[in-house]
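J.: Okay, handing you the structure first.
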Amino acid sequence: MRYAVFIFLIVLIDLIYCWNSKRSFFIPDFLGSGDGTPKSKTESVIEERMEYGRMILLVCNKTCAKHRSDIPLWLKEFNQKKGYQEPETITYYYHTYRQAVSFIDTNETDVFPNLIYFIGVKRVVFNGDVNIREDVNDWIASLDQLILLEPRVYEDLNVILSDTSNCSSKYLLLADRPKCPQPSWSIVARIAQDHGIQPVKIGHPLDGLTHVLLYKRMPYLSEASCHLSVLLYENSYSDFGDDINPLVVSDWITTLLPLEEGSCPALFETYWHPIVDELTELQQIFYSAELEISERNKRPAFVLVGLTGGIAVIILAFSIFWGLNGSGFNKD
């Protein structure tokens with residue numbers, strides 16, 4: 001028993017340390033040395049771009065002027081066709097392969113020149129003919145594919161929240177609110193997809209009933225938080241908080257999701273909360289009305305009426321006091 005408690009404390013300390021040192025800790029295994037220090041300029045570039053975006057690396061073992069001209073042009077046209085802006089844009093970099101480096105696995109890389117795609121803590125090697133534009137474009141398109149759920153009404157989102165009871169469905173709820181945009185949300189969505197998690201984009205502003213659904217069925221979510229990034233699994237949810245760094249999210253997904261052994265593997269309860277049962281019609285009506293009253297009380301007109309009424313009461317009190325002070329209360 002003591003040994004089990006000791007192991008639990010070690011894991012907990014690791015996770016806390018991991019959370020408090022995000023930028024330096026969440027470096028992919030194929031980058032840098034054991035202490036996380038990059039060994040080359042290319043490694044530094046990969047790490048920097050993967051922190052919030054993604055990139056394709058052209059690797060040549062000798063001069064390849066034509067490929068260095070063609071590949072960035074093809075990639076630029078692909079990005080323009082998709083209408084991508086940073087950080088969703090797939091960026092480009094070049095590396096001459098002269099000696100062994102951590103980000104090139106010779107067991108995966110069959111030929112040179114070659115292309116390697118980086119996103120989160122994942123890399124994918126092309127191993128095709130980089131001279132054939134159609135093949136390169138098809139490869140990029142397959143990596144770029146994003147299957148996104150966008151619930152439009154209360155019932156759509158309600159079904160998603162209830163769909164993890166079979167211990168196989170996994171979802172990541174994301175939002176990109178106008179008042180606090182999250183530019184990397186699509187990168188995070190693709191990372192989740194690579195882990196077998198269905199990304200879900202929640203539209204804003206939320207209607208009253210959908211707002212009630214989110215914060216009543218997941219009561220530990222902070223309504224004051226501007227961002228939304230919530231992992232759903234096994235009738236439970238885990239809130240990533242406001243910092244949606246792709247490298248952090250990728251590492252946290254692998255940390256939070258257990259190795260699937262059996263139908264319903266145990267979750268690390270410290271970071272998970274149970275999703276509350278579906279709301280009854282009466283609860284929907286009550287909580288929606290409660291929210292409407294709360295929102296109305298925040299409006300300037302209601303605040304002004306309350307303030308004016310308060311000042312009027314104070315003035316009336318002073319008038320009565322001075323009136324009494326000058327008449328019956330003054331016996332002299």
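All residue numbers here begin at 1 and follow the chain in the order shown.
Keep in mind that glycine also has a Cβ here, set from the backbone N, Cα and C atoms.
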J.: For which of Asn107, Asn325 does Swiss-Prot record the feature N-linked glycosylation site?
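T.: Record annotation (Swiss-Prot, N-linked glycosylation site): Asn107.
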J.: Helix, strand or coil by DSSP: which one applies to Asn107 (N-linked glycosylation site)?
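T.: Coil, per DSSP.
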J.: Mean pLDDT, the topological domain 'Cytoplasmic' (323-332)?
T.: 46
J.: For the glycosylation sites listed here (Asn61, Asn107, Asn166), which one has the lowest count of neighbouring CB atoms within 10 Å of its own CB?
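T.: Selected from the glycosylation sites Asn61, Asn107, Asn166 on minimum Cβ neighbours within 10 Å: Asn107.
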J.: Can you give me the Cα-Cα distance between Asn166 (N-linked glycosylation site) and Asn61 (N-linked glycosylation site) in Å, rounded to a whole number?
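T.: Cα-Cα distance, Asn166 (N-linked glycosylation site) to Asn61 (N-linked glycosylation site): 49 Å.
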